[in-house]
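Annotated 3',5'-cyclic AMP 1 binding site per Swiss-Prot: 136-257, in sequence order. Residues annotated as 3',5'-cyclic AMP 2 binding site in Swiss-Prot, with similarity to another entry given as evidence: 258-401. Here Swiss-Prot flags 69-85 as compositional bias 'Acidic residues'. The N-acetylserine annotation in Swiss-Prot covers SER2. If you look up Swiss-Prot, you'll see SER48, SER75, SER77, SER97, SER347, SER392 marked as phosphoserine. Taken from Swiss-Prot, the feature phosphothreonine applies to THR212, supported by similarity to another entry. Residues or ranges marked as region 'Dimerization and phosphorylation' by Swiss-Prot: 2-135. The region 'Disordered' annotation in Swiss-Prot covers 55-85.
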Amino acid sequence: MSHIQIPPGLTELLQGYTVEVLRQQPPDLVDFAVEYFTRLREARRQESDSFIAPPTTFHAQESSGVPVIEEDGESESDSDDEDLEVPIPSKFTRRVSVCAETFNPDEEEDNDPRVVHPKTDEQRCRLQEACKDILLFKNLDQEQLSQVLDAMFEKIVKTDEHVIDQGDDGDNFYVIERGTYDILVTKDNQTRSVGQYDNRGSFGELALMYNTPRAATIVATSDGSLWGLDRVTFRRIIVKNNAKKRKMFESFIESVPLFKSLEMSERMKIVDVIGEKIYKDGERIITQGEKADSFYIIESGEVSILIRSKTKTNKNGGNQEVEIAHCHKGQYFGELALVTNKPRAASAYAVGDVKCLVMDVQAFERLLGPCMDIMKRNISHYEEQLVKMFGSNLDLLDPGQ
């Protein structure tokens with residue numbers, strides 16, 4: 001077989017698309033790809049002063065009387081303000097930094113040294129508070145977040161100080177602890193303010209993700225404090241680990257018997273919408289009688305399914321809970337209430353530490369139609385178990401009694 005040549009630019013093209021998928025978590029990868037590459041094509045047709053896709057729309061929102069820029073519609077209040085597009089410089093029309101390292105999310109990271117900036121307990125607390133609402137950190141597990149916090153460093157800024165300048169190479173991602181900052185964009189030799197940050201938020205990720213020069217200038221309008229994360233650590237932990245987690249989810253979903261009948265594209269849609277939750281030993285995951293909002297697949301650990309007995313009482317005089325099922329890795333629970341549109345028929349408890357993949361009810365109804373017959377058959381299976389346990393056919397469809 002002849003050697004297959006990879007066309008120049010293909011790797012970078014696919015990396016850019018992959019990074020944007022990881023950032024935005026679109027529900028449909030095909031539709032998102034069409035939109036992404038259409039924008040990219042249109043951007044390349046523009047003049048030399050055009051800017052490359054994926055264009056990121058920043059929404060000006062009012063917060064304490066000061067407009068705050070937040071990415072991709074993640075707003076805290078409704079606003080009719082016009083969308084402000086902050087241009088992202090094109091790597092096809094500008095020279096990319098010669099010192100910016102090539103990045104592939106699939107490469108191994110075992111030999112990558114961890115960056116640690118020592119912090120006092122007081123600094124660590126302030127950093128955790130500043131980072132708690134940062135969108136890019138939401139999908140990190142505890143270990144990944146700990147690595148990020150270890151690697152971040154404090155930067156004190158003064159009024160009128162330029163934190164980053166449009167056109168410069170990206171070196172750090174910044175999280176705002178305090179202070180106000182203007183966002184300035186220069187185009188056609190004219191500089192204008194496109195928004196502000198007011199004591200919260202983050203900036204600087206775009207240049208690190210796309211290996212492009214800074215898209216805007218950030219100027220402090222008051223004294224303040226920032227937490228910085230260097231480019232290498234940012235890309236290694238946030239981008240690469242998210243890519244690896246996606247692959248892990250893909251592999252795990254393929255191993256779940258319930259999904260065997262699904263097409264590959266259908267399984268990939270499931271991967272796009274699932275989240276991950278961790279439960280401690282004895283922690284209650286779902287509660288009998290409550291409204292159902294999620295479906296659970298056990299990624300690791302064991303889960304005990306219990307139902308309140310109508311004949312047995314506990315030491316407090318209430319209905320005693322009796323185990324009717326014990327679930328392991330790859331098994332699922334919580335589907336019954338979603339299939340029947342009834343309250344939870346049983347409670348579920350973690351046995352030891354448990355990690356679950358979680359899908360909300362909207363995604364469940366949208367994506368698991370082909371699996372519905374299998375799950376409905378489980379209703380009769382559960383009833384058989386109850387007959388064996390209690391000697392009667394309890395009504396699973398009325399669990400709140």
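From the backbone N, Cα and C atoms, a Cβ is placed for every residue, glycine too.
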Cα separation, GLU276 (3',5'-cyclic AMP 2 binding site) to MET248 (3',5'-cyclic AMP 1 binding site) (Å, whole number): 12
Would you pick out, from the binding-site residues ARG200, LYS312, ARG366, the residue whose Cβ has the largest number of other Cβ atoms within 10 Å? ARG200
What whole-number Å value do you get for the CA-CA distance of SER294 (3',5'-cyclic AMP 2 binding site) and SER347 (phosphoserine)? 13
Quick note, GLU276 (3',5'-cyclic AMP 2 binding site): same-chain residues at least 6 apart with CB under 8 Å of its CB -> ASP141, LYS245, GLU299, LYS355, CYS356, LEU357, VAL358
How big is the Cα-to-Cα gap, in Å, between MET152 (3',5'-cyclic AMP 1 binding site) and LYS312 (3',5'-cyclic AMP 2 binding site)? 55
Measure the Cβ-based neighbour count of LEU258 (3',5'-cyclic AMP 2 binding site), defined as the other Cβ atoms within 10 Å of its Cβ. 18
Can you grab the distance from LEU184 (3',5'-cyclic AMP 1 binding site) over to THR212 (phosphothreonine)? Cα atoms, rounded to a whole Å. 17
Assigned element (helix, strand, coil) containing LEU136 (3',5'-cyclic AMP 1 binding site), judged by DSSP: helix
Given the binding-site residues LEU136, ARG200, ALA216, state which is nearest to GLY330 (3',5'-cyclic AMP 2 binding site) when distance is taken between Cα atoms. LEU136
For SER347 (phosphoserine), the one of LEU136, ALA216, LYS312, ARG366 that lies nearest, given that the binding-site residues are compared by Cα: LYS312
